[in-house]
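Novice: Here you go, one structure.
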């Protein structure tokens, strides 16, 4: 290969390349593929600039041979091929004279006509892949990227190829010739396979001063200095016999490695006890909306105005009564609270001008429901540190609950399609990086699959409620503000629709710390009769408040309308995360992207289109007692989204612990499935760590039961 490079390339290029490699401590005689790659890249940069000039009128022209005295300036400044110091000097002087933003990495060329730096890439792989790597590495809008491949493909930022067809054809022809010359000498395969991704050079990082002293103090025992410890870590071979490694780490550790076989794992033990209950901050599948289409009333967009308008669409109100009391609460207070909301809404309507916000009267029932004056008085620690029997008051262990079928139904519902669209196409954010085309295409396909999904409705509902509650908590700290629970969507025909799910009344909210709690009472409409699954509604008092006429196949039927009322609480940090629930869209899009990337790398081309448009193919969605469930790509998108949304709606310490610990067991089981002969020590301890998170949380219990299905099928 070295001989080929010296024959094939201009001696000046070879010399510059040797100099550059030596600057980075690389030997052209040993790293021959790299030698060839750098020469090729340098030659492409030179060819890119050849014959391109700017005349006295600042027009760009091509001159192959002409009057040597013409006042022509080179269109491109060549930066590649200079030593680092010189290259940075050139870049800095260009930035100073033109005002262009200074790049983070040394680019290859500067274009005086377009006033931009250019990064040239020459790849033996797929142009898209290399383009993405370049874009990710330089992370700059301003630097233009132009990638050529040895197969004649090219890709450039915003499909703006800078040069005319003919100049680019010269470059492509030259690359093709190099490839053929290599192939005829049997060098091409090794050259093609040797391409590494873009590497970013790590800076040497010195620690000095206080940090250095802290580092020396915090070393593990038996190490005298940071250098000493670093040398040990660098020399630590991660593969090899684990027992030996453990004894090398510490004399006290001894671990017997047990082989992990198909018969080793047992199912997770799910807790016994009464069935678990609903604990989300708002109703999910059981929610009922009062809606207005094409809202155009006065004050449209002001929540209170929208809510009153929605309330007026319903005519079946009746005297409310309790149909499912709350076991521990003073139920008549919940009833009075609803009556108070109706009365105060009526009062608003009788006023001349409807106010933008409504603060409820501080009645006995609301004070009770919002826990006013219930919190023990806070005493400064200084005043009581001398009390002899000072202790934290006892709190009961949480009561164990068993898995109930309702949570699986909730999840199934969240994966379904509704007949409305809950996000616009651009909800997942505009393109920022220059990976425009593929990224937009994936985003648009994905959005089309999930925009009508019920989980997306939950996202928008969660964002709305948390935003409104956080705003009110800061703006009206002492007031019992009435907050309508609203969402907006578009119907199949594209008409706008505003929906009211019910109301929240916020308690006092002097939130100093992130974890300080604000209490609220939620009142939500529903057609679900709570007596069908009373265990699900343990935390609610449910009223019957009206009758609703529903259109069915057999004509109109009247169904009782219920109001689910409960006391609840949240904190600044929880509301902050609730406001950011749109991240779930991004998380599930990234999971889908990694599936597409895997497909694409097998097929060696971007598979986005085929992935979403091949309707006949099915994909694994999850495990159930019946086996591996499969479904269309849309179903996969919606299932991943629903999982992400439920992780947000049912976030809890139990979920954090379960996810972290069960993942370890999952990886071991997958290693066994891939015939990697995994070994474990203290498997009992791992089971204990997982099972201590299985207490009473419905979403965690459901995940644990899915995990058991996975274990059963994975290890058959």
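Yeah, the Cβs are placed from backbone N, Cα and C, and that goes for glycine too.
Checked Swiss-Prot, it gives:
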BINDING   41, 108, 119, 120  Mn(2+) 1 binding site
BINDING   80, 108  Mn(2+) 2 binding site
MOTIF     124-139  motif 'Nuclear localization signal 1 (NLS1)'
MOTIF     184-247  motif 'Nuclear localization signal 2 (NLS2)'
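What does the local environment look like for each feature on the list?
Specialist: There are 21 other CB atoms within 10 A of the CB of residue 120 (Mn(2+) 1 binding site), with all protein chains counted.
The Cβ neighbour count for residue 108 (Mn(2+) 1 binding site), using a 10 Å radius and every protein chain shown, is 24.
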Novice: Averaged over the whole of the motif 'Nuclear localization signal 1 (NLS1)' (124-139), what is the pLDDT?
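Specialist: Average per-residue pLDDT within the motif 'Nuclear localization signal 1 (NLS1)' (124-139): 85.
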Novice: Around the Mn(2+) 1 site formed by 41, 108, 119, 120, which additional residues qualify by having Cβ within 8 Å of the site's Cβ center?
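Specialist: Apart from the listed residues, the neighbours are 44, 45, 80, 107, 109, 118, 121, 122, 146.
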Novice: Counting distance between Cα atoms, which of the binding-site residues 41, 108, 119 is nearest residue 80 (Mn(2+) 2 binding site)?
Specialist: 108
Novice: I'd like the per-state residue tally for the motif 'Nuclear localization signal 1 (NLS1)' (124-139) from DSSP, helix first, then strand, then coil.
Specialist: 12 helix, 0 strand, 4 coil
Novice: In DSSP terms, helix, strand or coil for residue 41 (Mn(2+) 1 binding site)?
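Specialist: Helix, per DSSP.
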Novice: Are there residues of the same chain, six or more positions away from residue 119 (Mn(2+) 1 binding site), whose CB falls under 8 angstroms from its CB, and which are they?
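Specialist: Listed in sequence order: 105, 107, 108, 134, 138, 143, 144, 145, 146.
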Novice: Mind giving me a neighbour count for residue 80 (Mn(2+) 2 binding site)? Other Cβ atoms within 10 Å of its Cβ, every protein chain shown.
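Specialist: So the Cβ neighbour count for residue 80 (Mn(2+) 2 binding site) comes to 22.
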